[in-house]
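S.K.: Below you will find the structure I want to go over with you.
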Amino acid sequence: MTIIRKSHPLMKLINHAFIDLPAPSNISGWWNFGSLLGVCLIIQISTGLFLSMHYTSDTLTAFSSVSHICRDVNYGWLIRYMHANGASLFFICLYFHIGRGIYYGSYLYKETWNIGIILLLMGMATGFMGYVLPWGQMSFWGATVITNLLSAIPYIGSEMVEWIWGGFSVDKATLTRFFAFHFILPFIIAEMAMVHLLFLHETGSNNPLGIMSDSDKIPFHSYYSLKDLLRVVALLAFYLTIGFFFPDALGDPDNNTSANPLNTPPHIKLEWYSLLAYAILRSIPNKLGXVIXLVFSILVLALFPLLHTSNQRGXMFRPISQTLFWLLISDLIILTWIGGQPVEPPFIIIGQLASIFYFSNILILLPVAGLIENKLLKW
């Protein structure tokens, strides 16, 4: 078996990536979320494939087809709720994964980090289009509001919106193309994840101390493969608990009503994992300014390698940066909460202050903290 593992062209690739891969001996559970994301992606592709066999991307029958899946298809309700809650689970793991990268300075592997940002954008686009497919009330109005933001682009905005809609409003053509893109994007994400892994294995994994670990490596299997397996079991237990006992906890009640273009909901809300960017969008009264802030709220992650001023890689031994990091996490939780609230006082001013702090923390406070910590170390 060992000879085949190390000589067969296909097995050799798997061996180098998952078996004999040299890994730092001190990486913690925070390095586990990459493999959990892989598990989530496999679950999403598998359940999505079965759902697509029964779903119809037509405005007249989309809502009924989702109802049919839940009522008439064997275990259709389970597949539907696994897919819906699997998206939330995917983003929970994704945000933990990004948070670990920021805290421990993994963003200094620039190629791996930038591909990760592309994966985040593709994941958010896939999640948004999936949110539209059940053709509930919030699906329709969410699609209308978000796609209409492109009209803020000078000169070509209005034409772009009509081009995406396939007409003069969100209708059958929009739903059909959203279904097509929602089906193909997870496979592209899987391909990009392989490229992400390829670049990661060029440099090797970072570790909590942020130091070179070439002299102290251990094989990935069986040390970390079993460690990952334990957390996969824990993830699946949590996943099935949500799916069986609280299937609608992370959804919107308005989506249990079929889409009605003549009845606008009092408050248009996206899925929880998009709410922090949505809150930043709403905090700026100008339409173009808000769209710029929305895009920049994600792309600002690409500036982390350029704004790294500390002589140390991670924030393990940097108390000022640690404090700012946890303030940033608190700020993101506040933005997520604000994104789910109506646009009225006091939520408007809270959202604006949280948005200002988000950008100022990343662009000003964290780099300044790194410089201060460098000075303190020389005393």
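Each Cβ is built from the backbone N, Cα and C atoms, and glycine gets one as well.
What you are looking at is a predicted structure, and each value in this text was computed from that prediction instead of being measured.
When I checked Swiss-Prot for this same protein, it listed these features:
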- HIS83, HIS182: heme b b562 binding site (BINDING)
- HIS97, HIS196: heme b b566 binding site (BINDING)
- HIS201: ubiquinone binding site (BINDING)
- 33-53: transmembrane segment (TRANSMEM)
- 77-98: transmembrane segment (TRANSMEM)
- 113-133: transmembrane segment (TRANSMEM)
- 178-198: transmembrane segment (TRANSMEM)
- 226-246: transmembrane segment (TRANSMEM)
- 288-308: transmembrane segment (TRANSMEM)
- 320-340: transmembrane segment (TRANSMEM)
- 347-367: transmembrane segment (TRANSMEM)
S.K.: Among HIS83, HIS182, HIS201, these being the binding-site residues, pick the one whose CA is nearest to that of HIS97 (heme b b566 binding site).
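M.R.: Spatially nearest to HIS97 (heme b b566 binding site) by Cα position is HIS201.
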S.K.: Within the chain of HIS182 (heme b b562 binding site), which residues six or more apart in sequence place their C-beta under 8 angstroms from its C-beta?
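M.R.: Non-local contacts for HIS182 (heme b b562 binding site): GLY48, THR126, MET129, GLY130, LEU133.
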S.K.: Which residues of the chain, 6 or more past the ends of the transmembrane segment (113-133), have a CB below 8 A from one of its CBs?
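M.R.: For the transmembrane segment (113-133), the far contacts come to 55, 57, 62, 66, 87, 90-91, 94, 97-98, 101, 106-107, 139-140, 142-143, 146, 174-175, 178-179, 181-182, 185-186, 188-189, 192-193, 195-196, 199, 270-271, 273-274, 277, 298-299, 301-302, 304-305.
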S.K.: Counting only residues 6+ apart in the same chain, whose Cβ is under 8 Å from the Cβ of HIS83 (heme b b562 binding site)?
M.R.: GLN44, THR47, GLY48, LEU51
S.K.: Considering the binding-site residues HIS196, HIS201, which residue's Cβ sits among the greatest number of other Cβ atoms within 10 Å?
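M.R.: In terms of Cβ crowding, the pick is HIS196.
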S.K.: Are the transmembrane segment (33-53) and the transmembrane segment (77-98) close enough that 3 or more Cβ pairs fall under 8 Å, when only pairs 6 or more apart in sequence count?
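M.R.: Yes, these stretches are in contact.
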